[in-house]
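Straight from Swiss-Prot, the features:
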type    : residues : note
BINDING : 59       : O2 binding site
BINDING : 88       : heme b binding site
DOMAIN  : 1-142    : domain 'Globin'
MOD_RES : 1        : N-acetylserine
């Protein structure tokens, strides 16, 4: 679980990266689709899954908007992300293993875009936070 120190580190990092959330989301989602091509199946209704395509940009923005909600609900991720969990489980039917894949891509993008802010402590805290988000999103699958 997230310690107070982790929560503070996530909030501090988010305050620095939040303005670039759309670019982070686009790059992370584009990266996921290229590096893990099996994830393309969730986006087969799009005309293209080429990195940077407007649909990828729009969904990357949605993903990062969801993470912004998670940061604001950091003290109770399960309750804060309940609606998103329901949507991903029942409407979108996303395999929860893909949350971990996207989390990894988000970490990679943040580390390359914000190397000075992505300290080892920020990395640990953000990784724990993203793992908590993945668990909260997977809660409706049980």
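Indices start at 1 and increase along the chain as displayed.
Cβ atoms here come from the backbone N, Cα and C positions, even for glycine.
Overlay of Swiss-Prot feature records on the structure.
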{"residue": "1", "record": "N-acetylserine", "DSSP class": "coil"}
{"residue": "59", "record": "O2 binding site", "DSSP class": "helix"}
{"residue": "88", "record": "heme b binding site", "DSSP class": "helix"}
59, 88: which of these binding-site residues has the highest Cβ count within 10 Å of its own Cβ? 88
Cβ distance under 8 Å to residue 1 (N-acetylserine), same chain, sequence separation 6 or more: which residues? 128, 132
Could you please provide the mean pLDDT value for the domain 'Globin' (1-142)? 94
Taking just the CA atoms, what is the gap between the residue listed as 'O2 binding site' and residue 88 (heme b binding site) in Å? 13
